[in-house]
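In what follows, a structure is listed as structure tokens, so that the remarks can point back to it.
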Amino acid sequence: MIFVTTRFPTIAKIVGTINNPIKLKGLETDFFRELFHSFVFADDQCRKDHHFLLETGDKIMVKLKGSPLAAKTVGRLLRKDLNLRHWTRVLESREWERQANVNDIMPALKLSYDYLPFHLQRCFSYSALFPEDFQFNGTLLVNFWMGLDILQSGDGTQTFEDIGLGNLNDLVTYGFFREDKTNGHLCYVMHDLLHDLALQVVSHECLSLHRSNVGLVKIQPSIRHLSIIIDVADDSVSRENFKSQLRKLKTSLKIKQLHTLMLFGEMDDGFVNTLGDLFREANALRVLRLNQTLYSVESILHNFSALVHLRYLSLGTKYERDKILLTISRFYHLKILSLGSWCQYCHLPKELSNLVNMRRFFTPADELHSDIINVGKLRLLEELKIFRVNKKSDGFEPSQLEHLTELRELGVYNLENIHTIEEAAQTNLGEKIHLERLTLDWDSERSNTEPGVEAVVLESLQPHRYLQELCIRGHKGSSFPTWLGDKVIVESLHLSGVSWQCLPPLGKMWGLGKVILKH
């Protein structure tokens with residue numbers, strides 16, 4: 001027997017095999033009260049200490065209609081301020097008057113949203129441009145917010161990733177995202193009712209179109225952010241109708257004023273032609289996501305080369321690779337660049353280092369990072385997974401790393417090409433205070449080794465005090481660096497192919513939780 005749940009009676013009729021579907025009600029009062037209190041109070045003692053709030057809490061609870069989702073969001077709202085004035089304001093909010101029927105919990109969700117700080121409201125609401133039930137990677141969300149330029153800068157000690165992940169954790173705490181696992185990896189999911197709420201509160205500037213709503217939504221002239229979701233399961237009639245409705249947008253949507261365009265799903269020739277005609281004048285884009293297209297970018301965006309305002313670009317096309325990369329090298333405002341598997345064997349143009357505002361460069365293969373000529377010009381870059389030292393080739397000297405002080409992850413390879421303390425010091429590792437993951441690699445296939453030189457070089461490559469991960473490979477010096485475990489605290493240490501006569505005192509290294517040793 002298979003049970004199917006849905007909020008929509010029409011779907012129940014389509015998939016159901018019985019005449020009278022079961023209508024699920026909210027949780028019974030006693031169970032619901034326990035659930036609600038678990039979201040509000042830290043423990044039983046906290047509940048007893050705030051017994052004077054329980055009567056008001058019961059009145060609020062009645063308005064939540066037995067919904068666990070409403071209990072979670074409103075409960076977290078009440079939890080952040082355990083005083084009677086705050087709870088009374090929530091109880092007496094006029095938002096409750098908007099309940100459309102006895103089971104409507106949208107006012108409860110909207111009330112919780114209204115109490116969010118403004119910066120969290122923006123991060124939550126713009127995320128509705130992604131499809132329902134989308135499984136967000138935390139990094140993807142933060143990069144998207146960064147591209148929209150909605151992350152508030154901190155006091156200088158935090159990177160934008162720190163700020164973005166902090167916002168995401170706050171939204172999880174308040175119940176607007178939930179944590180989940182996919183293939184063993186952490187992801188974040190927005191409940192479909194919260195997705196509806198997000199689209200509702202930003203309907204004046206954001207629009208997400210799919211087959212079932214394209215002919216129903218009202219297109220406001222203030223729309224600046226657009227996503228289009230193409231369902232591969234659509235039948236041919238539905239797809240043709242979808243294309244027809246999209247063509248009509250040309251008269252109502254102010255294409256020239258669009259700042260965001262995100263396309264999801266697979267497109268056929270008809271969709272490409274329709275979208276190419278629709279977005280012919282889209283030249284003010286800041287955020288562009290074309291991940292699954294099998295067509296050239298310029299078949300959808302004829303003026304792709306003119307999108308000089310782009311901050312965020314995610315591409316999944318395999319056509320005209322070299323031309324695309326040269327074009328991208330002129331997008332000087334670009335902060336986030338994500339290239340799909342099509343670019344695995346690309347040769348990066350030397351002009352790529354002109355993207356001086358770039359913070360993240362996602363590639364299908366880490367080795368592509370080693371192809372960035374004059375990477376030292378990208379002073380805001382946060383990840384450089386492979387940098388190969390080559391003093392004989394302009395643009396790959398150790399000094400290229402000197403001013404990359406925003407790095408969170410760095411891999412320095414071919415360190416056998418560094419021979420002096422002065423050259424090692426040019427990497428300036430000690431000043432990279434945001435660095436979390438560091439790899440120091442000597443080529444294991446090299447023909448000559450200089451143990452004395454390598455010992456001095458490693459001693460001179462001292463990073464800042466705290467690292468999450470440190471990997472040292474192929475070092476042929478006779479001893480470990482004196483800074484390891486004393487001046488530098490490491491959470492995870494990976495040693496491979498080192499020739500040290502003895503290991504550092506691992507048992508005395510404060511904070512060390514994981515060690516990997518390979519011969």
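Residue 1 is the first one shown; counting continues down the chain.
Cβ coordinates are placed from backbone N, Cα and C, and glycine is handled just like the others.
Feature annotation from TrEMBL assigns domain 'Disease resistance protein winged helix' to 129-198. Residues or ranges marked as domain 'R13L1/DRL21-like LRR repeat region' by TrEMBL: 399-518.
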DSSP-assigned states of the domain 'Disease resistance protein winged helix' (129-198) in counts, ordered helix, strand, coil: 33 helix, 11 strand, 26 coil
DSSP residue counts for the domain 'R13L1/DRL21-like LRR repeat region' (399-518), split into helix, strand and coil: 27 helix, 33 strand, 60 coil
Rounded mean pLDDT for the residues that make up the domain 'R13L1/DRL21-like LRR repeat region' (399-518): 93
